[in-house]
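K.L.:
Here's the feature list from TrEMBL:
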| type | residues | note |
| --- | --- | --- |
| COMPBIAS | A:1-11 | compositional bias 'Low complexity' |
| DOMAIN | A:84-294 | domain 'ABC transmembrane type-1' |
| REGION | A:1-21 | region 'Disordered' |
| TRANSMEM | A:28-52 | transmembrane segment |
| TRANSMEM | A:89-111 | transmembrane segment |
| TRANSMEM | A:123-142 | transmembrane segment |
| TRANSMEM | A:172-194 | transmembrane segment |
| TRANSMEM | A:215-237 | transmembrane segment |
| TRANSMEM | A:275-293 | transmembrane segment |
Amino acid sequence: MTQTATTSRAAPAPPKGAKPKAHRWTPWVYLAAPLALLVAFTYIPVASMLSYSLTDWDGVSPDSTFVGLDNYAQLFTRPELFGVFSVSLYYLAASVLQIGLALYFATVLSFNVRFRNLFKGILFFPYLINGVAIAFVFLYFFQRGGTLDTVLRFAGVDSQFLWLGDPDLVNVSLAGVSVWRFMGLNFVLFLGAIQSIQPQLYEAAELDGANRWHVFRHLIVPGITPIISLSVILAIAGSLSVFEIPFVITGGAGESKTFVIQTIKLAFQFNKTGLASAAAVVLLAVVLLVTWIQRRLVPDERNDLV
Amino acid sequence: MIDVKRRAFAAVVLAGALLVAGCGSDGAGSGADATAPTDPANLTGDITVLTNRTDLVTDGSMDKYAAEFKKVYPKVNVKFQGITDYEGEVKIRMNSDEYGDVLLIPQVVAKADYPKFFAPLGEQAELSRTYSFTDYGSVSGKVYGIASFGAANGFVYNKDVWKQAGVTAWPTTPEQFVDSLRKIKAAGVTPYYTNYKDGWPLSSWSNVVGSVGCDPKANDKLATTEPWAAGTDLTVGDSLLYTIVKEKLAEADPTTTNWEDSKGQIATGRIGTMWLGSWAVSQMQDAAKKAGKDPSVIGYMPFPAQSGGKYCSVVSPDKLYGINIHSKNKPAARAWLDWVLHKSGYAETAQAVSTIKGAPAPAALSGYTEAGVTYIELSQADAVKVTAIDNASEIGLTKADYRQKLIDIARGAAKGDLPAYLTDLNKKWTAAAKTVG
């Protein structure tokens, strides 16, 4: 550290004003377009949202009054507004399954398997479909006498379940759709990470007599830890902010209302744009908090293998 | 202008200054009255009309109307913008000045804000002689919105299904109605269809307000009384819906219903009845035609309650037409508005109740006319307050959610029972009423 500092001090400093000023601005010129877009479409809207969250604005009226932290106070004093986070637990549980499955398939397909590329395609395909289209497909899939019931009948099970109508089942069904959809993404991330592990290590392991489980446990898992931890963060953030699948399939009816659906309803059904903005800010804060905790618990060590 | 202010405001926050004050608040400019033109031949201007009927824009019906209009006003050009998510999209556009010249006023706009967004169309005292429903669009004696058309309410039903079940006369009490549905179920048909999944058809159950007790002040009373007290219109209506679902007289799985599908199902006799506005009759008849059935199989009956030996039905307006206060061609916009209401025949085609007073009742309501159903218009004196309470309480009389919950309780998919639920609604409503001045 000290050494670097000394070196840089020893280097001849450029004479002041010798370089044309334009050079200093060059990187900024390149950055101008992306920065402008970033500011215009991310930071200004977020700042507006913060400012709305301090007002009682109804979303359309030209007038609004400043109410301070009232909206936040309301959010934290009305338990039913926070209760909907319990729905996220279903999705959280599902994402554990999702990561497990993705890891399994990624490991299996990283070895030489017949029809490897075909399976890769099949597993990744759902992620490429638009979420709303998926929701529509599954709406018919879960219908009484729909695809799922028909398939079960072929298998000899005459199910009487209301997949979306039963309050104990609806979130399981919806979380299942989420697993089907996002497993492909995890799978591809894991597969990419596994394939970047140097092949010599496998050979060495083989020479040392390691079996497949040993290879997985001591070579693959440590090698892709950063990717697994990224997936976990994404899964947690994702399950806190589930939206499109339940919104299109059930509209948040019954027990399937998530925090984001509730926010949308506050803003666009009951015209409480201020309260809804506060809810959105709180969701952002919760996601940041969870990410921070997760990073503290599982520090991102530089790994020798990657 | 408002938009720019907001953005500038946001930038200030971004800069890190903790500066929080009201957003742009000077409302909209002072627009002149949108008065009707006197000389049609020389009226000029290009106007944009926003509509939620995307189907009529794509199939060219709107252009046909525009062509007819051009025969009277040769120098006015009309352009249409069909918007699928009408409420959501127009609401956002109304933060700018660009929301067309003639538009359907979104429900989200509070009545008190009408003068900030729409040009005045005339004095209410004068316009109410020509048009129905002026109460709905007037602020302090001036009219800002005129109803596009109106609708009565009742049950759309399949006449054959009811006849085969042995029910020939309209039921006069909710108990009789449920009894009839039981007979229909015994005949192997789904007696009632909730349209739970699409949701909005459920919200039309709020139209029972006024129809049950035949009281024109029913809506105003919501501002000062408990809406779900024993015997109120909402209690009677919601109890009927609850009983229908509880006794399994509705479709087996409400969560997967499909509105477009339901039209064909009632037309072909797989569904007995649905509670909807009278505008739905023509759509069901179209579905019957498409299915190769006689459209006259679709009937329309009032809510099963009588006062003084007569049925009663509230006639209420659909969306209101307004003229953008920022419009540069207000006379042309007004010309279009008047022409649509008086000359286009739009309401007749949709079998809707015309806004023009004295116009004949639509074919869809011929059954009502024969039975001598009393039509009432609800007073809107306290409508602003009722809406404010409704939003503050997050119940949503005009939204699907609270009836979806009601249905969930009735079919055993949520905890609770009807009395507890109604008490809970009353509690929320009264609490909110206290916060609304």
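Here the Cβ of each residue, glycine as well, is placed from N, Cα and C on the backbone.
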K.L.:
Based on Cβ pairs under 8 Å, which of the stretches A:123-142, A:215-237, A:275-293 lies most in contact with the transmembrane segment (A:28-52)?
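P.N.:
When the Cβ pairs under 8 Å are tallied, A:275-293 comes out ahead.
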K.L.:
Considering only the recorded stretches A:123-142, A:215-237, A:275-293, state which has the highest number of Cβ pairs under 8 Å to the transmembrane segment (A:89-111).
P.N.:
A:215-237
K.L.:
Mind checking which residues of the chain, 6+ beyond the ends of the transmembrane segment (A:275-293), have their Cβ under 8 Å from one of its Cβ atoms?
P.N.:
49-50, 52-53, 71-72, 74-75, 81, 233, 236-237, 240-241, 259-260, 262-264, 266-267
